[in-house]
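Novice: Structure below; questions to follow.
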Amino acid sequence: ARKKVVRKWEKLPGRNTFCCDGRIMMARQKGIFYLTLFLILGTCALFFAFECRYLAVQLSPAIPVFAAVLFLFAMATLLRTSFSDPGVIPRALPDEAAFIEMEIEATNGTVPQGQRPPPRIKNFQINNQIVKLKYCYTCKIFRPPRASHCSICDNCVERFDHHCPWVGNCVGKRNYRYFYLFILSLSLLTIYIFTFDIVYVALKSLKIGFLNTLKETPGTYPSASLTVLTVLEVLICFFTLWSVVGLTGFHTFLVALNQTTNEDIKGSWTGKNRVQNPYSHGNMVKNCCEVLCGPLPPSVLDRRGILQQEENTAQEAACTRGPSAPEPAAAQGPGGRAEESSAQQKDGGSVPHPNAVPVPSLSNAEMPEEKQLTTGELPVPSQDAGQAEH
């Protein structure tokens, strides 16, 4: 038997992609994530390669240092958000799913044909507030409070906020703080680069004029191509600034209220019922501390756990079994058939031994050697075998 080691991430349901032996977990649609990397790396590379050199000499060498710190922090939080488990809830095992179905049927009773079954909901109380736990027909579980099923990744995520294609992953309980820190640091980095690009163009324009700066020849520093790249950086930062800064402001508002994007879109706490948010502490500082500084729960997927499967080949099975051995004769004693024959002779030959196995009659010539020695008779022709034996 040969055992093949299989990790649990290879058998996990859903539409996630795993890399580095299950250490990295992402969504399958990663095209926009690569675009995010290209925009950040490309813009920062141009800024560090050209503008930072001039600004460090003309203004201060601290300008590229602070830009590098913001860049590294933004990239670290981006990768942490994209490559981590957002808080996926495991699906129910077949036995668990069958037990839950039995409980639901026992509670709701038999639904007549043609009628719609009642919604599968459980009531749960949090801070004197009734919260409904909905049943997930895909995962076969009652989702915990604030959890929701992501249609893109096909998984239930705890404290589901939204699915962000820009980071290539869902944003949930285990990576929301890193997502918030990423958009916050990216906003600061975008403002920083945009501001110093404007400063760079202004400094050059004060020396040789704005039009001369745009018309500079390749023989001088910076070249005409460098000026075009600077303008390109300004345009990218300008259009990125509004979206990223606006997104950061929106999530700052949600963090202060201890609310998720999913709850805000559905109007869970601002609907007609005017139900108050049971998760809010009524204090912005406490809400921010809970969301951004609270304990981070461990992943419940155990992606790198080991599952062992046995694979038997035909050749290994044949070698393991070996040649087939003859089955032992029933009721055969230490003496074999010789004991059976002697027992029959002692009893007169009329009554067989109780444990003897019936054997077809044979001539002396065909009888075994042990029986010939036991009877002490010489071989006789086969036609007189019965009389001699009698």
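Backbone N, Cα and C atoms are what each Cβ position is placed from, and that goes for glycine too.
If you look up TrEMBL, you'll see 322-332 marked as compositional bias 'Low complexity'. Per TrEMBL, domain 'Palmitoyltransferase DHHC' is recorded for 132-266. The feature region 'Disordered' is assigned by TrEMBL to 312-390. Per TrEMBL, transmembrane segment is recorded for 32-50, 62-79, 178-203.
What does the local environment look like for each feature on the list?
Specialist: Summarised as a single figure, the pLDDT of the domain 'Palmitoyltransferase DHHC' (132-266) averages 83.
Away from its own ends, the transmembrane segment (178-203) comes close to residues 40, 43-44, 47, 51, 54-55, 58-59, 63, 66-67, 70-71, 73-74, 77-78, 80-81, 84, 161, 164, 167, 171, 210, 213, 230, 233-234, 237-238, 240-241, 244-245, 247-248, 251-252, 255, 291-292 of its chain (Cβ-Cβ under 8 Å, at least six residues beyond either end).
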Novice: Within the domain 'Palmitoyltransferase DHHC' (132-266), how many residues are helix, strand or coil going by DSSP?
Specialist: 78 helix, 19 strand, 38 coil
